[in-house]
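Here is the structure we will look at.
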Amino acid sequence: MKTVFSYAKPYKWPIFIALFLMLTELSVELIQPLLIAKIIDEGILAEDVTVIWTWGSVMMGLAFVAFFSGVINSYFAAHAAQSFAFDLRQALFRQVQAFSMATFLRFPTAGLITRLTSDVTMVQNVLFMGLRIMMRAPLLVLGSLVMAFVVNVKLAFYLVIGAPILLIFLFIMARKGVGYFSNVQRRLDRVNRVIQENLQAVRLIKAYLRGMYEASRFSRVADKLRHDTVKAMRMMELILPVLLFVMNVSLMAVLWFGAVEIGNGEAQVGELVAIVNYAMRMTGAFSMFAFIIVAFSRAKASAERMEEVLVANDDLELNRSESSGLSQLEGELRFEHVSFTYPGKPEPILDDISFHVAPGEKLAIMGATGSGKSTLLNLIPRIFEATEGKIFVGGTEVNEWSLKDLRDTIGLVPQQSILFTGSILDNLSWGDTEAAPDELEEAAKKAQIHESIDLFPQKYGTRVGQKGVNLSGGQKQRLSIARALVRKPSILILDDSTSALDVKTEMALWEALEKEAATMLVVTQKVQTAKGADRILLLDEGKVVGYGTHADLMRQSQLYQKIAQSQAEEEVIVDGEEHS
Ligand SMILES: Nc1ncnc2c1ncn2[C@@H]1O[C@H](COP(=O)(O)OP(=O)(O)OP(=O)(O)O)[C@@H](O)[C@H]1O
């Protein structure tokens with residue numbers, strides 16, 4: 001809670017002004033019954049019209065003060081709450097950006113989305129409502145009570161008899177509420193997850209005719225959300241009747257004993273009317289309590305969830321991003337007895353990996369699916385940190401490079417091509433925002449995508465993603481490669497990123513990349529591609545089972561021979577089919 005609300009600190013003046021105005025409104029509200037009592041006792045009962053006019057005018061004047069205070073209060077409350085939510089959302093977003101992969105994996109994506117949207121809105125609403133009306137309720141209760149004691153101590157006493165029971169009751173409800181509403185937010189996470197998965201997999205769902213199945217999956221999670229929300233709200237709905245019951249009993253006691261006291265001449269009618277008026281205001285304020293407790297419990301649950309993100313600073317990457325002072329990377333790469341285990345997993349995925357790539361050399365990495373190829377690549381830009389062993393880039397251990405320097409000169413093309421909504425140009429310059437247009441075009445030419453882009457009516461200005469053209473798998477892959485080339489990387493890492501290219505385009509691509517000075521690491525399934533590399537690293541279940549040139553592996557590794565043989569047979573079959 002403390003960390004979350006510390007984001008309200010810069011807005012302490014708007015908050016202070018809003019509070020002050022809220023107190024002004026409240027004071028007017030509290031003074032009104034006193035003035036009514038005065039008008040009744042000294043004006044109506046004493047038949048003095050001047051008193052009625054004088055105090056009536058004061059009441060009118062105060063009503064105007066309250067009105068303007070309310071309007072200005074709304075302005076400042078809205079400003080403070082919206083700005084606070086904006087800052088909080090920014091802070092959460094930056095924090096998530098700064099997460100290391102290990103921390104990132106601790107939070108489900110949908111849970112992060114809910115935190116950045118619904119949870120922020122919850123606390124934003126509570127701040128606004130707090131400044132506008134919510135804080136008025138407890139103050140109104142207290143103020144009414146104090147004023148009631150000022151008017152008549154004996155009668156006011158009947159109003160506080162039920163207070164201790166009420167306070168304990170409200171405390172218990174608030175505590176229970178936090179637990180219940182945390183559950184509700186968790187359910188909302190799950191609803192968001194199903195929505196997210198469905199929107200991403202829309203084509204697959206259509207192709208498999210799984211629309212109905214997915215609809216029932218959605219209705220299950222939505223139903224659980226409904227169930228838990230109803231459960232929480234039902235419990236909260238107990239608050240109001242209990243509050244009203246206690247207040248009405250108190251009110252009856254005030255009326256009963258008030259009548260007796262007036263009969264005995266110990267109290268005046270105006271006093272009783274004023275106290276009843278205060279009691280009614282307290283009852284009205286208590287009605288707000290039910291709402292306040294719901295809002296507060298929800299906001300507290302949301303704040304705790306956001307806190308988890310804000311304090312997850314065990315492994316922040318930004319802290320390690322300042323420049324290391326080391327010069328531009330050279331493309332030399334060395335792995336020395338590197339092992340890696342994913343956080344929280346018992347078995348290592350990579351086991352004792354050693355190899356060396358000289359600057360400008362090309363290393364092909366091969367291995368069955370799940371053998372750890374992508375994992376190995378992720379260790380170079382330190383997306384994950386090696387659990388054992390050492391990785392050297394340009395002769396310096398990767399831990400000694402600042403993340404910024406290290407990643408600035410690595411061009412990673414992931415297995416799955418990811419493009420952002422925007423133009424082709426935006427996507428290319430995403431690799432390096434300072435690259436000139438001709439550099440972008442140059443990269444596109446090398447990645448063999450320039451000609452396809454040229455065919456689009458809007459060329460480099462063509463929008464991709466939603467509301468834009470849908471690129472083919474191979475076009476996306478080439479655009480991703482071009483984006484990496486824009487960075488002019490010393491080390492270019494291609495994680496099976498040419499799988500969707502036809503043979504001719506792929507050959508043209510390799511030819512263009514040959515001319516690059518960059519060291520290259522290329523994950524591939526094709527022996528034909530591996531043959532063109534200086535060396536091949538063959539992985540099997542996280543272990544190196546072959547390392548050398550194509551010729552070396554053909555001599556040393558049975559597994560490599562088998563792969564080469566099966567691919568050669570495939571080629572013969574394909575050739576045969578083509579010629580028949
Ligand atoms: N974030 C993760 N947490 C835990 N295990 C993971 C994670 N990512 C991958 N793995 C596991 O690590 C192993 C190696 O995965 P990796 O993606 O590196 O293989 P790969 O050789 O690149 O496979 P493919 O050729 O299918 O892409 C797999 O068993 C996978 O289940």
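From the backbone N, Cα and C atoms, a Cβ is placed for every residue, glycine too.
Nobody curates TrEMBL annotations by hand; they come from automatic prediction.
What TrEMBL lists as domain 'ABC transmembrane type-1' is 16-298.
The domain 'ABC transporter' annotation in TrEMBL covers 333-566.
Here TrEMBL flags 15-40 (among others) as transmembrane segment. Tertiary neighbourhood of the transmembrane segment (15-40): same-chain residues 8, 51-52, 55-56, 58-59, 62-63, 65-66, 69-70, 72-73, 76-77, 80, 131-132, 135-136, 139-140, 143-144, 147, 151, 269-271, 273-274, 277-278, 281, selected by CB-CB distance under 8 Å and a gap of 6+ residues from either end.
Sequence-distant neighbours of the transmembrane segment (52-76) (same chain, 6+ residues past either end, Cβ-Cβ under 8 Å): 14-15, 17-18, 21-22, 24-25, 28-29, 31-32, 35-36, 38-39, 43-44, 131-132. Residues or ranges marked as transmembrane segment by TrEMBL: 52-76 (among others).
Per TrEMBL, transmembrane segment is recorded for 238-258 (among others).
The transmembrane segment annotation in TrEMBL covers 278-296 (among others).
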Cβ-Cβ under 8 Å with the transmembrane segment (238-258): same-chain residues at least 6 beyond its ends: 154-155, 158-159, 161-162, 165-166, 169-170, 173, 267, 271-272, 275-276, 279-280, 282-283, 286-287, 289-290, 293
Confidence summary for the domain 'ABC transporter' (333-566), mean pLDDT rounded: 87
